[in-house]
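Copied from TrEMBL, the annotated features are:
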COMPBIAS  210-219  compositional bias 'Basic and acidic residues'
COMPBIAS  229-259  compositional bias 'Basic and acidic residues'
REGION    205-259  region 'Disordered'
TRANSMEM  53-73  transmembrane segment
TRANSMEM  80-98  transmembrane segment
TRANSMEM  110-127  transmembrane segment
TRANSMEM  147-165  transmembrane segment
TRANSMEM  171-191  transmembrane segment
TRANSMEM  358-378  transmembrane segment
TRANSMEM  384-403  transmembrane segment
TRANSMEM  415-437  transmembrane segment
TRANSMEM  443-470  transmembrane segment
Amino acid sequence: MEAVKRWRSDWRYPTTLLCTYGFFSTVKPLEPFLIPYMTGPDKNLTTQQVNNQIFPVWTYSYLSVLVLVFLLTDWLRYKPVVVFQCVMLFITSSLLLWTKSVPAMQATQFFYGVVTASEVAYFSYIYSVVDLKRYRKATSYSRSAQLLGYTVGSVLGQLLVSFSLMSYNSIMVFTLVLIAIALLASILLPMPDQSMFFHRRHTGQNNSAEEDRTVDATEHTSSSMVSLEEMRDEKVEKGGEAKKEEAKGVGEKEPKAEDTAETVGAESCSKVLLRLWRDFCHCYSSRQLLYWSLWWAMATCGYNQTINYVQVLWEHVQPSQNFSIYNGGVEAVSNLFGAATAYGIGFTEVRWEQWGELALGGFSGLGAAALFLMSFVSNIWVCYTGYVIFKSLYMLLITIAMYQIAADLSLDRYALVFGMNTFGALVLQTIITSVVVDSGGLGLAIIPQFIVYASYFSVIAVVFSLRGLFTIWRVQRSKTETTPPDKNESPGVDEDRF
């Protein structure tokens, strides 16, 4: 019994449960075959209905609930939102299994938008229940569990479909069992005592702006890069000891019991919103951070549109069921290549503050070329290859962008900037969806849609290539103008750096 108590009080207990939840909630064997399932005999929907009427609902619902879920996650202290996310995922899968009409499928997409918006709770929970010195390990484990879940789901789906081991409906039932395991893990998670904004409580200590920095590591790194997580956590660990000494100094003053935590209510909510607004204005006053954030929002918008509708393109290019069975393998390969490129960027020695914008433009151009190739070459293998290249390039570039933004931010501003960039991407995505995809707008077919997406990335490539060339020219001119007689004097620097 004593051993059980020790285990439950150790940091490994919540981390293990969170990793279990992250793994089982992301193993989705049917996801690579969602279009064949919905347009096949099980649902009898048309590709046009799926493309122009059903899928756009996900974008609208995601945007509509994102800000509310972000604030509720912190106010409720993470765990309730993690459980809620799993319940919504179970409802989504159940509707997908047992309903067939277009309105029911639209409801499925609405609930899935809520699931996606609730991911903020998963990424934030661990920082409220483990010690500062354990951040790096806990982050690595929880992130790896999700990536492993996505990959295992794709490979498992490939095997089940390729060898006809299960029908699509049976795979959905199996998915519900996996989600039930995830739900059990989420219920067993211990309830945190504090959160980032509304519950900044420390026993025997007053709240201060400096203390916030030890719990504010990241909240919305969406997406997704292990290399950035490691970089950030190294930064947290290096500053951890100094911040603990600060906390001790604050704690020497004996506070009253009612001063040890902020009261949650209208006043604390207004203080939180005011602090967020001031931080927002301060962060985006940097032109350099603004440019990188602009690329983040624009590219993430195009990336989300591409991965949301790529299965429709594959089905259009090669409607034969003999080819749709390779979707799972392609998703698994693209995930592995994306993770490899994102991880490898941490070992490259490049002055990204000088060359980064040109890299954003150049590689965005390659991504646009891959999309144009997928649009105009009616060959499924070309489409598969183009998709892997496009996804790998995005993972590479978003890692660079996240690194450059994070390098000049204090820890308590990570969540705000990353969250605002994601929100900006969703706003752009909603505009494109309503105009290009939705049947209430242009309602374009899938090939014209991908031509629009490829052209969109071409515009990004041109804008950031020109900006990158200007940055390089300015840095070189600054070096020339400031070269002193003494060779040991440092060269000029980019005056836009935050």
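Each Cβ is built from the backbone N, Cα and C atoms, and glycine gets one as well.
Among residues of the same chain six or more beyond the transmembrane segment (53-73), those with a C-beta under 8 A of the stretch's C-beta atoms are 38, 45, 81, 102, 105-106, 108-114, 116-118, 120-121, 124, 220, 304, 308-309, 419, 422-423, 426-427, 429-430, 433-434, 437-439.
With pairs at least 6 apart in sequence, the transmembrane segment (80-98) and the transmembrane segment (110-127) have 3 or more Cβ pairs within the 8 Å limit; the two touch. Between the transmembrane segment (358-378) and the transmembrane segment (80-98), the number of CB pairs under 8 angstroms, six or more residues apart, is fewer than three, so the stretches are not in contact. Long-range contacts of the transmembrane segment (171-191) within the same chain: residues 8, 13-14, 17-18, 20-21, 23-25, 27-30, 77, 79, 82-83, 85-87, 89-90, 93-94, 96-97, 125, 129, 157, 160-161, each at least 6 residues beyond the stretch ends and with a Cβ under 8 Å from a Cβ of the stretch.
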